Amino acid sequence: MKETPLSNCERRFLLRAIEEKKRLDGRQTYDYRNIRISFGTDYGCCIVELGKTRVLGQVSCELVSPKLNRATEGILFFNLELSQMAAPAFEPGRQSDLLVKLNRLMERCLRNSKCIDTESLCVVAGEKVWQIRVDLHLLNHDGNIIDAASIAAIVALCHFRRPDVSVQGDEVTLYTPEERDPVPLSIHHMPICVSFAFFQQGTYLLVDPNEREERVMDGLLVIAMNKHREICTIQSSGGIMLLKDQVLRCSKIAGVKVAEITELILKALENDQKVRKEGGKFGFAESIANQRITAFKMEKAPIDTSDVEEKAEEIIAEAEPPSEVVSTPVLWTPGTAQIGEGVENSWGDLEDSEKEDDEGGGDQAIILDGIKMDTGVEVSDIGSQDAPIILSDSEEEEMIILEPDKNPKKIRTQTTSAKQEKAPSKKPVKRRKKKRAAN
């Protein structure tokens with residue numbers, strides 16, 4: 001399923017807001033979205049939320065044979081999956097260009113930077129080493145996947161504990177967590193990716209772009225850095241030309257953001273370890289009980305509306321007060337009335353019922369003036385409006401027509417019994433034939 005394209009109005013609105021240094025969620029140019037880290041019950045499982053972008057990280061390990069050219073080093077493997085649950089545009093089971101690019105960037109950021117001591121993963125040189133596998137699943141896509149994935153990967157690696165082993169001769173003994181405490185991985189530093197989106201050919205810059213901003217950006221710059229301000233990798237995409245000053249400015253901003261995120265990660269790991277030692281609730285169990293994972297709510301963004309309120313007050317002060325409109329019904333004639341403004345509402349005039357007589361089988365219309373009918377319809381004082389009209393329970397159809405005159409005096413009624421009472425006598429008309437004189 002292809003993603004829904006942006007309309008021209010949405011595109012122009014986003015670009016105009018960026019030119020005015022405004023964002024849809026109320027952030028400033030260099031602001032990051034709120035980051036939340038949750039840990040699972042087992043070691044090495046975590047969920048990282050970057051705004052509405054959610055990534056699940058899971059680390060696993062197994063004993064395998066090492067590579068031939070690196071007999072004393074362990075193996076580190078990364079796998080990022082984009083499912084349709086995150087966005088309908090992602091196709092399952094297909095290696096898209098975006099997925100390949102993200103996986104390669106993760107490998108350069110974490111594996112090539114030597115953030116993990118792979119030699120400590122060796123059990124028996126040339127025979128047994130630990131293979132560490134990091135699986136990342138995108139749960140919801142709202143932009144900036146690489147930043148959320150890098151944070152989830154490094155958090156899961158820091159939180160992971162591998163089983164302890166012992167080697168006696170040719171025998172390798174693997175201990176369960178009940179027998180011996182698991183051993184954490186040896187991590188030298190924590191590289192974190194920071195993304196910068198460029199607009200209008202590098203004129204405008206935004207940190208941590210969301211999904212809508214990514215669709216209108218001209219280029220993307222990703223800088224992976226640790227808290228020691230050591231650049232691990234840099235990647236530029238989009239085909240834009242960046243100046244040296246722009247790259248240096250982005251590196252300075254990335255250094256500040258990485259320091260803040262690293263402090264947040266260390267604090268989250270410390271709190272989780274403290275809760276586990278105390279024996280309290282930890283992991284997703286506590287989050288599900290409080291409906292923190294299953295419930296999705298909109299975050300409140302602080303937005304300054306003072307300028308808009310002042311402008312609205314000025315417009316209201318300069319505008320003329322609205323006129324009071326009172327709608328009262330006006331009685332023009334006993335049969336007509338007008339409510340509000342517009343076309344008058346009145347009783348409709350009815351033409352002579354000649355056509356109805358033909359359709360009704362030749363029934364005649366009888367004009368009555370204050371008489372009593374045999375059919376059960378009593379009309380006494382027609383000029384008075386308060387006089388009631390009494391109808392009988394006769395099975396014959398009865399119809400009373402009201403005229404819009406001020407003092408209606410005639411009522412036309414049509415019944416089937418009237419034909420029997422006053423049926424006009426029709427006499428045959430004889431015509432004389434004239435004889436022509438014979439020539």
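Glycine is treated like the rest: Cβ placed from N, Cα and C.
Annotation comment: Swiss-Prot describes 1-268 as region 'ARE binding', evidence class experimental evidence.
Sequence annotations record features per position, and here Swiss-Prot assigns phosphoserine to Ser65 (among others) based on a large-scale study or a structure entry. Summarising the environment of Ser65 (phosphoserine), the number of other Cβ atoms within 10 Å of its Cβ, over all protein chains shown, is 13.
Per Swiss-Prot, SUMO1 cross-link is recorded for Lys297.
According to Swiss-Prot, the feature SUMO2 cross-link maps to Lys297 (among others).
The N6-acetyllysine annotation in Swiss-Prot covers Lys297.
Cβ neighbour count for Ser306 (phosphoserine): 7 (other Cβ atoms within 10 Å of its Cβ, all protein chains included). What Swiss-Prot records for Ser306 (among others) is phosphoserine, and it gives a large-scale study or a structure entry as the kind of evidence.
Residues or ranges marked as region 'Disordered' in Swiss-Prot: 335-363 (among others).
The phosphoserine annotation in Swiss-Prot covers Ser346 (among others) and rests on a large-scale study or a structure entry.
Residues or ranges marked as compositional bias 'Acidic residues' in Swiss-Prot: 349-361.
According to Swiss-Prot, the feature region 'Disordered' maps to 391-439 (among others).
The phosphoserine annotation in Swiss-Prot covers Ser392 (among others) and rests on a large-scale study or a structure entry.
Positions annotated as phosphoserine by Swiss-Prot: Ser394 (among others).
Summarising the annotation, Swiss-Prot assigns SUMO2 cross-link to Lys419 (among others).
The compositional bias 'Basic residues' annotation in Swiss-Prot covers 425-439.
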#### Entry: Overall pLDDT for the region 'ARE binding' (1-268), taken as the rounded mean
90
## Note on the structure
Taking only the CA atoms, the spacing between Ser306 (phosphoserine) and Ser65 (phosphoserine), expressed in whole angstrom, is 66
